[in-house]
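Below you'll find the structure I mean.
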Amino acid sequence: MYRGSMVALVTPMKADGSLDWDALHKLIDWHLEQGTHAIVAVGTTGESATLNMAEHLEVISKVVDQVNGRVPVIAGTGANSTSEALELTQGAKQAKADACLLVTPYYNKPSQEGLYQHYCYLAREVAIPQFLYNVPGRTAVDMLPETVARLATVENIVGIKDATASMERLQQMQALTDDSFIFLSGDDATSVDFMALGGHGEISVTANVVPAQTAKICELALAGNVEQARELDRPLAPLHEALFLEANPVPVKWAMARMGFLDGALRLPLTPLNAVYHAQLEAAMLSAGAI
């Protein structure tokens, strides 16, 4: 169920900062037409950090309603407060999301035991499939393989999104968990290698821009056709890089605006992509066949 290309969906906004529901609905339908295997709503790319609680839950609800069971919906419900993560996760279950994605608590830098207790509490309190999410470059905390292994035995915890871009880390976690635990890449540039080593798919920023290509790459890699997947991925390499010229989702929103899907608005403290990067990102989009 949780395999392949899972788009880390942007949250469209209008110039006044309000949420653009029409653009959101059109994006979802486009992704389903293009073959995206799952929708991840209100994660990092979906600007969860600048949505209030009501908006966060409303986006989840509207995504679930628009998808209407056609593919799985994974709701981002992580927070650096366990009580807030609980409220979001409960709301996602009520909205009938298929699963939740919970980033490690950021800024307050919990210990490994703190991480373990945080996730155990959420898994115990809300009966919905839950994915751990380790992205130390953003959170200032790294969930170690031994902690992942402890959590992999907890009911309702089904897998992890790993954004370390380390194949060694993937293999360490695989060695400590059983075959039922799901590994999803959180790094587009290394996702083919990740799947070649037994990963189950990726939660992709690049899929916002080239969903059909990303889905096909995942299908090939998961079928064991790794060299074909690499060949198809090669023209996307400049795009993988360019989408992080500034903090995600600043570049991807510029790209989506360039494609005509939304106006590219962001909420402070994020600001539009610096003009010095426009040509590089546009060239990467051309290389990838996005425009």
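Backbone N, Cα and C atoms are what each Cβ position is placed from, and that goes for glycine too.
Quick paste of what Swiss-Prot says about this protein:
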SITE      Thr44  site 'Part of a proton relay during catalysis'
BINDING   Thr45, Ile203  pyruvate binding site
SITE      Tyr107  site 'Part of a proton relay during catalysis'
ACT_SITE  Tyr133  active site, proton donor/acceptor
ACT_SITE  Lys161  active site, schiff-base intermediate with substrate
In sequence order, which same-chain residues at least six apart have a C-beta under 8 angstroms from Thr45 (pyruvate binding site)?
Ala8, Leu9, Val10, Val205, Asn208, Asn248, Pro249, Val252
Which number gives the other C-beta atoms within 10 angstroms of the C-beta of the residue listed as 'active site, schiff-base intermediate with substrate', all protein chains shown included?
26
C-alpha of Tyr133 (active site, proton donor/acceptor) to C-alpha of the residue listed as 'active site, schiff-base intermediate with substrate': distance in Å?
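The separation of the Cα atoms works out to 5 Å.
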Should Thr45 (pyruvate binding site) be counted as helix, strand, or coil on the basis of DSSP?
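In the DSSP reduction, Thr45 (pyruvate binding site) maps to coil.
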Could you measure between Tyr107 (site 'Part of a proton relay during catalysis') and Ile203 (pyruvate binding site) for me? Cα positions, answer in whole angstrom.
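So the alpha carbons of Tyr107 (site 'Part of a proton relay during catalysis') and Ile203 (pyruvate binding site) sit roughly 23 Å from each other.
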Got a sec? Which of these recorded positions, Tyr107, Tyr133, has the most Cβ atoms within 10 Å?
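Highest number of other Cβ atoms within 10 Å: Tyr133.
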Below 8 Å Cβ to Cβ and six or more residues apart, same chain only. Which residues does that give for Thr44 (site 'Part of a proton relay during catalysis')?
Ala8, Gly76, Val103, Val135, Arg138, Asn248, Pro249
